[in-house]
Amino acid sequence: MMTAALVLGGAGLVLGAGLAFVAVKIAVPPDERVVAVREVLPGANCGACGFPGCDGLAAALVRGEAKPDACAAGGPATAAAVAGVLGVEAAVGERLVVHVHCVGSDAKARRTYLYQGIADCRAAALMPGGGPKACSYGCVGLGTCVRACPFDALHMDEAAGLPVVDRQKCTGCGICTQECPKGIMALVPASQATVVSCRNVDKGPQVRKVCTAGCIACGLCVRQCPQKTIAMVNNVAYIDPSGCDGCGICAEKCPTKCIVATQPVPAVEAV
């Protein structure tokens with residue numbers, strides 16, 4: 001028995017050493033450009049770029065399958081660094097942050113029933129009426145987006161039952177926008193000073209029945225805007241961020257206060 005064990009052990013050592021030698025000999029050396037690109041990526045491995053982590057994005061960038069600004073988490077600074085490694089020009093763009101297009105808090109949005117199922121917005125949205133709120137367009141409020149954020153840029157306001165965005169931490173990766181079953185999480189320019197926080201496309205009287213903070217398409221903001229950058233689109237006000245000067249008149253005049261004056265973070269310089 002001892003002899004057999006020694007023979008098998010020795011054979012295993014010889015085969016292992018042989019395999020290790022062959023592996024070294026046939027190993028493909030890493031592409032130095034992939035390594036260099038990987039070093040300038042933030043390493044969040046959030047997957048927002050659509051590739052399997054930062055390693056996958058680095059390889060895709062070198063192969064020309066992704067643009068230098070593909071990493072939303074890194075922003076313009078990372079885009080510039082990637083472009084420098086690849087010897088190409090970085091795309092010009094403004095920093096984006098996510099905005100919650102709903103202010104229908106528990107005190108303002110009527111509920112039709114008490115939901116006691118899985119604490120996940122996507123599960124609740126499959127229930128009758130699209131969830132417990134009478135407004136089928138509004139935030140479900142179970143925090144799926146908060147748990148999905150890899151940068152700790154979202155937290156729940158428990159009193160309101162709504163997610164709150166930390167615009168300083170938000171990288172604009174867009175992961176939360178993919179997780180929200182209602183589509184109320186959307187990316188907006190970081191410099192945009194006023195945002196319409198409602199997605200209910202029903203007519204005013206119907207909106208009033210389900211939420212006191214919804215857009216009722218009254219058109220007051222359209223008439224009051226000195227820059228003429230607001231339009232009614234499918235019963236919801238839309239602000240063109242390229243023409244908005246942040247005067248805040250629309251937010252002040254809005255009767256339901258669904259137009260929110262944000263605290264814009266400094267727009268990171270385009271590269």
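Note: Cβ is positioned from N, Cα and C throughout, glycine not excepted.
These come from TrEMBL:
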BINDING   CYS46, CYS49, CYS54, CYS71  [4Fe-4S] cluster 1 binding site
BINDING   CYS135, CYS139, CYS145, CYS180  [4Fe-4S] cluster 2 binding site
BINDING   CYS149, CYS170, CYS173, CYS176  [4Fe-4S] cluster 3 binding site
DOMAIN    29-88  domain '4Fe-4S'
DOMAIN    130-159  domain '4Fe-4S ferredoxin-type'
DOMAIN    161-190  domain '4Fe-4S ferredoxin-type'
DOMAIN    203-234  domain '4Fe-4S ferredoxin-type'
DOMAIN    235-264  domain '4Fe-4S ferredoxin-type'
REGION    1-23  region 'Hydrophobic'
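If you take the CA of CYS71 ([4Fe-4S] cluster 1 binding site) and look 10 A around it, you hit none of the binding-site residues from CYS139, CYS145, CYS180.
Between the domain '4Fe-4S' (29-88) and the listed ranges 130-159, 161-190, 203-234, 235-264, the one holding the most Cβ pairs under 8 Å is 161-190. DSSP assigns CYS49 ([4Fe-4S] cluster 1 binding site) to coil in the three-state reduction, outside any helix or strand. What surrounds the [4Fe-4S] cluster 1 site, by Cβ distance within 8 Å of the Cβ centroid and not counting CYS46, CYS49, CYS54, CYS71, is the set LEU41, PRO42, ALA44, ASN45, GLY47, ALA48, PHE51, GLY53, LEU57, ALA70, ALA72, ALA73, GLY74, CYS173 from the same chain. Sequence-distant contacts of the domain '4Fe-4S ferredoxin-type' (130-159) (same chain, six or more residues past either end, CB-CB distance under 8 Å): 44, 46, 73, 98, 100, 102, 104-106, 109-115, 119-122, 124, 165-167, 169-171, 173, 175-176, 178-182, 184-185, 198-202, 207, 209-211, 214. Taking the centroid of the Cβ atoms of CYS149, CYS170, CYS173, CYS176 as the [4Fe-4S] cluster 3 site, the other same-chain residues with Cβ within 8 Å of it are VAL98, CYS145, ALA148, PRO150, PHE151, ALA153, LEU154, VAL165, THR171, GLY172, GLY174, ILE175. According to DSSP, the secondary structure content of the domain '4Fe-4S ferredoxin-type' (235-264) in residues is 5 helix, 7 strand, 18 coil.
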